[in-house]
Structure formats: structure tokens, C-alpha cells
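Trainee: Structure in C-alpha cells, see below.
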């Protein structure tokens, strides 16, 4: 085709599109984009308005639940006898390959080649802003509205394991027997709902390391322990913003 | 139904796939891979992943997630590449568009096949995703939007076959928008996990989209060349032109990915950011260094980039080599992204005794077989598509 023949052809570029057509196209695009943008923004909101304060311990009176169950761990008293683990396994039928709670060992060098060993019990932190709850596609896991315990509905779980990936504390595992993710629920179904006041691990601990109770109750032992003067209180991995409810103290 | 099928399937014209022993062997091989993969997947569902997969409590996502990501990234990319011609009217991208739309369906379906065996109770998904819908979950958005995406792409493909270009364009645009949002949500599945430093941040969704565009270019070159070579067809001039344009666009995307990757690495090692640094070291000089330097950098970025620039997109044989290297390299990118992101243990940097510095994961036989099954299924759909739709030739319009 010659150049002058080409020039005779009707232009197919965008200039031939009428402005009404252009507007229609833009409107459609904006509508669709807006719809999805709305969805994406929704996915960024937190599960429940959680209370954060300057420290890791919320201000008294700012606990979202009542009873607001939590656990205080006096880790320097732990002797790694593992009775808590055994009691948990027995009470909650935890299989051999899994655990709901375990004990980690930390070592720090002292002078003259000596070491100080601390045992650090870990379990689900029943966070106020739980990453596992946010990511679950089928709401198979949620924060119990009354107690704040992070619970599971096994029959709702599709086994995508996103909650396991999201948990900063390695608190979840897939339990083959029920084909669902399993985790610590503060013995909600096995003890608390049956009128018992504490969890199996707390009852089994001979050294009074684990203290369980209602943080919203200013008379409870957990409340008093983490609000006591001259006490160092910390939580694990605070940088993840999960606002955990398991507190570690040095007293 | 029959009349619709008759209208969708071209009866004449286009390119005919010669019936040959070679074709039958290829179909048989892909079919066999699919059957073996599906069998391995069903056995895993039956026996439990605990016994058949290499995944663990600490590394819950294995090679199947990587393969799923690979397939859906490729699918989104093919959709992007097809839309350049069909939706945005760049005529140069038209010749590859029909095949790209078909393959975007084939790849996402293969991805779904793989993920169906990764999810332990996938049969619970259809009901529980609806009754338990969680709008804060990126994985919920990703799954739901990819479902819609598949629907839109299928309508687009049918409309293309029926020569109804107006509706095809509308559905193509919806498919593109849905695909992009679904895909960025897949990136957000990783990027919004505060506890996983290697993934956390805005990088993932951005990287995923760019990387999709690159994968789409590589994949369409790969499959178009294979189709023509395998069936002994001769490429028209406009097809060669189109392939060159796609290759150049792909090279541009590779340059962007090289730029992204460089800065991801630099920010990952500067000042030893906790959690990120250890993962980055695994890639740069640790157990994953071969994957990273040979797989990701050499095969996935540098080699295809240099080849495309060297031949200016003109030699089809060279483009095929570039796309083959690219396809392999991109698989390594997905694998490393998924696995290395989980390797830093949860309580890292606390001075724990008997606690690994870095976790390990090795894909099991079952996992390898399911991934091969997905690749086989994709190959099977590709071969069947060439025959049924006569080389996906685009009519001039």
C-alpha cells in the first residue's frame, strides 16, 4: 500500500470516538474500580476495635471483654517439668505430632563462662487484634464475643492454613483427626464451660508459673500481677501489633 | 447446546492440527501426568498431608502454593497481554490475543486443580466461603474474585468465538479489572502478614502485578511458538510482528522486575532488619542461593532480557529460548517467594536453645506429582485448544 493510498483511509485511532462513548467507557471503568476498591478498603479494617495504649498492658477499664481472659506467666519460676504440656494433651486430646502449648529454653551468658537458663512457656496469646482471625476466609476462627477467647469451629475450616501462616506465635497446627486447625482455647470447651475456673495447664503447674484469670476484674490475681509496682511486664513479638493477652513478668 | 457448541467451535478456516502420532503421544503424556497428579492428590487427601506432604506446622505452605501462585500469575499476565489488543485497541497485540485468552483460562483452571489438593478440605469451600464469608480476609477476596475472573474470561472467550467483539471487549475489561484486583489481593495474602517480615509491606501486591505482566508475555511467546512448531504451521508476518512487540513489552517488565528485586535485596540486608535479613541471606548465600542466582536471576531475568534485546524480538527461535528460560525462572521466583517467606522461625532472635536459625522444607514425592499433574493438565488443555479452535487465529476487525 502506498502512502497516498493510506492517507485516503478512514482513521481508526481514538480521535474518532465520540465524547459520549468515551464518557460511558470511563463511567463503567470507574464504577467497577470503585466497587473493588471498596472491597479492598474493607479488607484493611480491623476485626474489632482493639484498645492499644502506650505500653503492652491496656489501661484499667479498657478491656474489650468481660470476663477478659488472660494468662500471666512468671517465667523465672518455670522448671521445665512439662506437666502443663501433659495436662493439656490429656484434657484436649492433643495428638502426638501437635501441641497447644510448649516450653522454649532461653540462654544468656553471664560472667566467667556461666549461663543463665530461663524456660519460657508459650501458647496462643488470644490477641485483641488476632491476625489469624483476620485472614480466615470462612470465619472458622473468631474471638468469642463474651470472653475474647480465640475459638475454632472445626467443621467450618477448609484447611487452607492461612491462620497458621499468619500467627506470629506458632500457636496453631492442623489436627488430622478432626481435619481442622486446632489451637489453645483456654480449655473453653473442656473446663471453663463446665464451671472450672482455670485451665488444665494452670492446674497442673507445680511452680505457680501460669496464672489465669479475668483482667477486667481489678480484684483478680492476673490484674494485680501485671499492675503491681516495680514489675517488668512484657509480651512476645509486640511489633506485630496483635495485642496479645498472655503477659510475661519477672516477679 | 449443540448449536452453541457449533457456533463456538470453528468448523473451517484457521489452522488445522494434523492428526499424527506425535500429537497423540503428546496428548497421552499430558493426560498421564494429569491422572498421576490427581491420583497423588486424592491419596494425600485420603492419607492426610501430615503423611504425604513435606509441609509442617512451621512451614504450612509448600510447593503446591508456589505452583498455584505460578499458574494464577501466568493467567493474570495472559489476561493483561490479551487485553492490550482486545480491550485497549493496540492492533499489534491482536494476533496473540485469542490464544492468550484461552490460555489464561487453561492456566487458572490448572491452578485451581493444584490448590484443590493443597487445601485439606477443599470440598467445604463452596458452602463455607458463602456462609462464612470474611470481608477482612484477603484469601477470601482472592478466591472469590478469581472465581468471577474465570467466569468473565470464559464469556469473553465465547464471545470472541462468536465474533461478538463488543461484548467480548466489555467482558475482557471486566476480566482484566477483576484479575488485577484478585491478583493484588493474592499479593496482599502475603504482604499483610505482620508476623512474616520477608513478606510484610506494600511490595508484594505491586511486585505480583508487574511480575504477572512479565509472566504473561513469556507464557504467550512460549505457547505460541510451541503451537506453530509442533503443528508445522508457518507464522504470518503479523504474528511475527506481534510476537516481537510482546517480547519487547516483556523485556520492559523484566527490567522493572530486575529493578524491584535489586531494591528488595538491598533493603533486606542494609542494617540487618530482623526477620528479613535472615531470609534474604538464605536467598543470597544460603540454601536457596542456587535457586535465586541461577533460577530467578539468570533464567528468570537476565538471560531472557539479554536474548530479547539482542535479537530485537525478531528471531522466533531465540524468543522461544528466552521464554523457556523465563518460564523456568518464574517458577523459581514463585517457589522462593512462598517458601523463604516462612523459613525464619517465629521466635527468632531471642537466644533460644535447640531452636533452628532457619527452618527447612523439602517437597515430597506427592507434592512433586501434584505439581506435575497441574503442568500436565495445562499442557493437555493447550494441545486440545489448538485443535478445537484451529490455532486461535484472530479475524481482522
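Cβ from N, Cα, C; glycine included.
Got these off TrEMBL a minute ago, pasting:
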TRANSMEM  B:25-45  transmembrane segment
TRANSMEM  B:65-88  transmembrane segment
TRANSMEM  B:100-119  transmembrane segment
TRANSMEM  B:139-159  transmembrane segment
TRANSMEM  B:171-193  transmembrane segment
TRANSMEM  B:205-228  transmembrane segment
TRANSMEM  B:249-271  transmembrane segment
TRANSMEM  B:291-311  transmembrane segment
TRANSMEM  B:318-344  transmembrane segment
TRANSMEM  B:364-384  transmembrane segment
Trainee: Looking at the transmembrane segment (B:364-384) and the transmembrane segment (B:249-271), are there 3+ C-beta pairs under 8 A, with each pair at least 6 apart in sequence?
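Mentor: With fewer than 3 qualifying Cβ pairs, these stretches do not touch.
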Trainee: Can at least 3 Cβ pairs under 8 A be found between the transmembrane segment (B:100-119) and the transmembrane segment (B:318-344), with each pair 6 or more apart in sequence?
Mentor: no
Trainee: Apart from its near flanks, which chain residues at least 6 from the ends of the transmembrane segment (B:318-344) lie with a Cβ under 8 angstroms of it?
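Mentor: Same-chain contacts beyond the ends: 58-63, 65-67, 69-70, 73-74, 190, 196-199, 211, 214-215, 218-219, 221-222, 225-226, 229, 243-244, 247, 250, 254, 275, 278-279, 282-283, 288, 291-292, 295-296, 298-301, 303-304, 307-308, 310-311, 358-361.
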